[in-house]
Amino acid sequence: MKNNKVLVVVGPTAVGKTALGIDLAIKMNGEIISGDSQQVYQGLDIGTAKVTKAEQALAVHHLIDVRKWTENFSVHDFVMEANRLIEEIIERGNVPIIVGGTGLYIQSLIEGYHLGGQENHQAMMELRETLLALTDEELFEKVLKLNPNFPELNRRRAIRFLELQTFGSTDENSGSDYNFLLIGLNAERKVLYERINQRVEQMMSEGLLSEARSLFEKAPDAQAAKGIGYKEFFPYFSGEISLEDAVELVKRNSRRYAKRQLTWFRNRMEVEFEDVFSETYPDSVFEKVTQFLN
């Protein structure tokens, strides 16, 4: 029987997913598939914390630099491409390793969502936030109106059911054919937020402002321009705010995004988180992965 095992590394921005993914790829004969919605764009290297050329030389990476700034990349595109790549990687006898923090991408792949190519990412996020804010009673009331015989009333299944009613197929056989091991990375909030702030300062020293200005001048309305680390500078380029304020916006929005990422993975997916500052990390991860693959 053909191996169908896939590793998935998730967690908030700046927690260390890239480093772990590369370590796993080296140790487990793996190839990395990026699960980041911004790293698909060519030339947006600094603000997306894209893997460097040196890092890419250590392990094979996929779905990096596959779109121009003016091109869109949807959840549907990701699921189609990721499934194709997983199949090819397994055929080569290697281990597919999904690494990224875009929760909607990861969940859609794992649960086999059939979202149309024209799906609206923003609408999906807004619906998710609305459903998460409901009480159990309110949530289950919505579900039972649509399906009085809904088999199991738990929040995760109820939310998924309502999203599928709105955005995709509810075919019970639409799940993925692969066996996924989810590895979640996290750190104490204060420490994580400090790492985020430091990363933004490092990005500034590496030329983030120039990268953002180029995007502002050439493709300000593109999907690529909506990412954190770019859009915050547009008011500065227009003379509306100071550079200092723009940098603080990047830091604030990055911290808020990290919080949303954690909320998504905790509420939507079966993830066991590893503290990246634990004495047993990363050996604890390698042990889990070895057991899973064997």
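Glycine too: its Cβ is placed from the backbone N, Cα and C atoms.
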If Swiss-Prot is the reference, give me the range from 36-39, 100-103, 168-171, 252-255 marked as region 'Interaction with substrate tRNA'.
36-39
Tertiary contacts of the region 'Interaction with substrate tRNA' (36-39), as residues 6+ beyond its ends and Cβ separation under 8 Å
47-48, 50-51, 63-65, 73, 78, 99-102, 105, 121, 224, 227
Provide the three-state DSSP residue tally for the region 'Interaction with substrate tRNA' (36-39): helix first, then strand, then coil.
0 helix, 0 strand, 4 coil
Give me the non-local Cβ neighbours of THR13 (ATP binding site): same chain, 6+ apart in sequence, Cβ-Cβ under 8 Å, ordered along the sequence.
ALA49, GLY101, ILE196, ARG199, SER254, TYR257, ALA258, GLN261
On average, residues of the region 'Interaction with substrate tRNA' (36-39) score a pLDDT of 96
